[in-house]
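Structure first, commentary second.
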Amino acid sequence: MKLATGLWVWGSLLVAARTVQPSASQSVCAGTENKLSSLSDLEQQYRALRKYYENCEVVMGNLEITSIEHNRDLSFLRSIREVTGYVLVALNQFRYLPLENLRIIRGTKLYEDRYALAIFLNYRKDGNFGLQELGLKNLTEILNGGVYVDQNKFLCYADTIHWQDIVRNPWPSNMTLVSTIGSSGCGRCHKSCTGRCWGPTENHCQTLTRTVCAEQCDGRCYGPYVSDCCHRECAGGCSGPKDTDCFACMNFNDSGACVTQCPQTFVYNPTTFQLEHNFNAKYTYGAFCVKKCPHNFVVDSSSCVRACPSSKMEVEENGIKMCKPCTDICPKACDGIGTGSLMSAQTVDSSNIDKFINCTKINGNLIFLVTGIHGDPYNAIDAIDPEKLNVFRTVREITGFLNIQTWPPNMTDFSVFSNLVTIGGRVLYSGLSLLILKQQGITSLQFQSLKEISAGNIYITDNSNLCYYHTINWTTLFSTVNQRIVIRDNRRAENCTAEGMVCNHLCSNDGCWGPGPDQCLSCRRFSRGKICIESCNLYDGEFREFENGSICVECDSQCEKMEDGLLTCHGPGPDNCTKCSHFKDGPNCVEKCPDVLQGANSFIFKYADQDRECHPCHPNCTQGCNGPTSHDCIYYPWTGHSTLPQHARTPLIAAGVIGGLFILVIMALTFAVYVRRKSIKKKRALRRFLETELVEPLTPSGTAPNQAQLRILKETELKRVKVLGSGAFGTVYKGIWVPEGETVKIPVAIKILNETTGPKANVEFMDEALIMASVDHPHLVRLLGVCLSPTIQLVTQLMPHGCLLEYVHEHKDNIGSQLLLNWCVQIAKGMMYLEERRLVHRDLAARNVLVKSPNHVKITDFGLARLLEGDEKEYNADGGKMPIKWMALECIHYRKFTHQSDVWSYGVTIWELMTFGGKPYDGIPTREIPDLLEKGERLPQPPICTIDVYIVMVKCWMIDADSRPKFKELAAEFSRMARDPQRYLVIQGDDRMKLPSPNDSKFFQNLLDEEDLEDMMDAEEYLVPQAFNIPPPIYTSRTRIDSNRSEIGHSPPPAYTPMSGSQFVYQDGGFATQQGMPMPYTATTSTIPEAPVAQGATAEMFDDSCCNGTLRKPVVPHVQEDSSTQRYSADPTVFAPERNPRAELDEEGYMTPMHDKPKQEYLNPVEENPFVSRRKNGDLQALDNPEYHSASSGPPKAEDEYVNEPLYLNTFTNALGNAEYMKNSLLSVPEKAKKAFDNPDYWNHSLPPRSTLQHPDYLQEYSTKYFYKQNGRIRPIVAENPEYLSEFSLKPGTMLPPPPYRHRNTVV
């Protein structure tokens, strides 16, 4: 908390905080907690420092030395031997720090919650003055906290000190030391110092007391031998082996001896087996044992404490303030500002003032600042309603200090503290317990009940309208002679007197707090309550009083008011009445004579005589009497006797017994009926269950059944070819699947569990199979089957191009903006599908995204994925290794995984793509990632990304999971960007980039080296169901832009090809495929033998994720060959004839059925079968043809008409700058065949209508309506991945790299 500048103009404030001398040899003084705050007057700053610490040996708190000039005498600091808090030396200009006798810094409080010793910025920027030597030659122990020495321009020798010998726990995270070698004027240590010293002479050598000790020593030592070990209670070294030879104590100092605990109040006597009072008991006060606690502390058991706990109340016994358990409800004690529940609060404000309702005691401080009274817009805190300040009218004690720097302008006094009796000063603010500063509207203080300020000084200044302050005798409030007063720059006393603002004439010379007889510190004559009066009502008045010294006390209510001139009472209580109002029982006046009193052997009854005095009845009277004899006893009217005869008592007793038995019977019957009814309910419920009368499930969850199919493969159908990877739990092979009874060969990845793994690994293996078999989406890998051999085998489709991380790294010079954004959309759609299926992936990263083709990626690696139940919203992991750098903060701290935590991983994955395979947080140890994220650091903006793309990443990395976007929103956002890619990603030469042939991939080449793949068939191609054969239709090209559209000067944005959905209709034969129904193909072959033809093109032509294109002349059906040619068409680009020949462009440049116009050629690219790329005869293939990478500028040659050329994104440069727009001269298509592409049903699979694109819900439709068979991939297991880290490895102590991932100071 910083004070205003005006506060620090102290004048002659001399602070003496010395409070107690625990022993004859050591004096204790209070520390400060000002940090870098200082007085505006440097002279006063020095004088305050000197008064604080002169002749002080133990600083109970922090030692802060700041803003001291170079010519000041600091020799008074030599007396300090111990500091319980931290030592701060900053912003000074002196040359030498004379803390020569300081031996131990306990570090009970740390500077910036980290350092016990902080020394920095001790030099003058425009001069040659500054700290040169640390005179800490006897400092040998820092019990808690680290050392920070930095930016001391002239400081020497600090880098030679062996700080690890001084610091008890020298963790790298709290040790910071900047080298001072090379500073001007620095010399070397004396030769006897062995290179470690505080100064240049032999008297400045560092004394090592820990690192030089024998191994048998469990603490410090005074020599290298076993016999030189210090006592285990010693701290900072010793001069001998005894507990009285310690330089400082580890725990407590009991009259010079270091002990584990102070002598207790009670000790056990083994002879009497009893706890007996210990006459040598002492109280613990800090690190000392004292016979008496300081006057402003409270005794709790055997300790000196600042405040009693909530279950106890503060009482005073024999002049000692003690904490005693409350007999009933404790008086309400509330936490003050800066303590307990208000630890982080800086001022009383509208957000916390209600916590002070009905409080009688404040354990801590009350602080009123401008941000509390007038509000804090920055923190959205409203101004305080002045009426709410009345909650402090119940406060009687403040154990800390009262600091008022701002007050409501419409309040002219502090009357809300009218019941405040004591300001304890157990915590001081720069030595102050009462501070009132710059309150221009205050005219009087009105602390009318204040009787004591136990400790600390008073500072009241710059209150221009304040009066009455000069009349107060402040010393009557002080408990010690060392307390001081600074009161100045308030309203002049003569001006107050001139306006009549003076004390009431009934006030004594001690002064007053304000106008009126109720504001006096003491009364000149008499007082009634808080009001001073001239005389008591002894002989007249509405109510009568008696004098108790100078206090008028009202007579007891049983005293009869006497006539004027006569005393009604002469003391307190009903026994001092002159005459009773009602009756007199012995010496006391009572309202009536007592009916019954407990005597020694019987009850006693009394009656009143004619003088209204009470007397006892005759002993035979058992129910009262009217006189002294037995005949005056009270009789029962029906017997005529004073007591009831025996025969009259019998019926009453009998009636009572009968009534009691009747009640018992009723209760027993009621209980029996209750038990019977409960038993009948149970039987009926069981009968209904056995008779199947239940119409609803016992535990309805609302979750749909998982109807995914699991294919069981025989071991004879699988052939292993090559090991692709292995780990702790299994091995991944490249293999071939030959379905039983078929002639096709399908390349697959086979994941085999090791034989040495246990049952738990088998269960986890099958859990992964469950997840993979449950997904069915174009951008998610799906399980092909499971082989239940002795070692379980998972079979997935083999991905020809490896993982996306390696792919972008290998081809980073040839990847354009369109392709990057397409990948972002595909990954988002895949994750959106997982979210709809309540699957949490937990391990999304670029390494876990596979490349089926350059334009089609799939998410894989479900080894960490978990399926949430119907009522679950999050998954709690129990252990294992985790990819920390890809995980959200809640996953790292609490191991809670949700779909929103997958969004965080998605943002990191996109960052990897945009940096072409960059490593997130490269160079930073994984265990330090949580701290960096909590401090607000995130991955930097990739160079190619505009702010639009980067802001999407940043939204994915919000700390609040609910603030992150949904995958649905991410897919919509990146779809929008993909329609205009060069606006959002800036890549040099983007429009000229040509993605290399898929066959050029290193991963792909490695797969082809060891097996003849001519007869291979892609797994998805094999899994497409064969319903019937359809004649191969003749396809036509689609017109993208007509000439009329170009004439109006509107150029449509580049289009993004959507990745889901397909719908096209054949007009031949009446066969049609609708959405969600895969289209079978008829096998065809070329009639020109010279033309190389790509075989086995997949059905991905109708998958929305395809972006490659092929163009080929129509061919005729061929005879049946093997099972693969019987199942599919070799050319998937053969489309149905047009359905509607009339079409025109919509606003986005897409076709809508309208009318015929001349059109340019538009191609929807499709994928090639990645495994059919070479022929045995060595003919030139389409993918090996140089023409693959560029388009011809003229008409195609006749011999090239049948060449299959994939069209990759960003490989054509035309006027539109879009890979999907091709020049007229590129390909020639017969005019009669151009209308097929105008069929709206054909284009429905490519892109939804514009109205749908502009609505984010279109992603729901296009991501969940269609289901496809998926492939597999290969990855190293988690145990071998360096990006995964066990939660037990997250420990502090790792080096931080340079910025931007660390703070300014380095760690050593």
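The backbone N, Cα and C atoms fix where each Cβ goes, glycine too.
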From 224-227, 720-723, 1032-1035, the residue range that Swiss-Prot assigns the feature motif 'PPxy motif 1':
1032-1035
N-linked glycosylation site per Swiss-Prot (candidates: Asn495, Asn1044):
Asn495
Can you check which of Asn410, Asn999 Swiss-Prot annotates as N-linked glycosylation site?
Asn410
Count up the helix, strand and coil residues in the motif 'Nuclear localization signal' (676-684) according to DSSP, in that order.
9 helix, 0 strand, 0 coil
Spatial separation of Asn548 (N-linked glycosylation site) from Asn495 (N-linked glycosylation site) - C-alpha basis, Å:
38
Going by Cα-Cα distance, which of the recorded positions (Asn253, Asn410, Asn473, Asp843) sits nearest to Asn576 (N-linked glycosylation site)?
Asn473
Averaged pLDDT, computed only over the residues in the topological domain 'Cytoplasmic' (676-1308):
63
Sort the glycosylation sites Asn253, Asn473, Asn620 by C-alpha distance from Asn410 (N-linked glycosylation site) and give me just the closest.
Asn473
Given the glycosylation sites Asn138, Asn548, which one is most crowded in terms of C-beta atoms within 10 angstroms?
Asn138
Restricting to the chain of Asn473 (N-linked glycosylation site) and a gap of 6 or more, list residues whose Cβ falls under 8 Å of its Cβ, or answer none.
Asn509, Asp510, Gly511, Leu521
Ranking the glycosylation sites Asn253, Asn410, Asn576, Asn620 by other Cβ atoms within 10 Å, which is at the bottom?
Asn410
If one measures from the C-alpha of Asn620 (N-linked glycosylation site) to the C-alpha of Asp843 (active site, proton acceptor), what distance in angstrom results, rounded to a whole number?
97
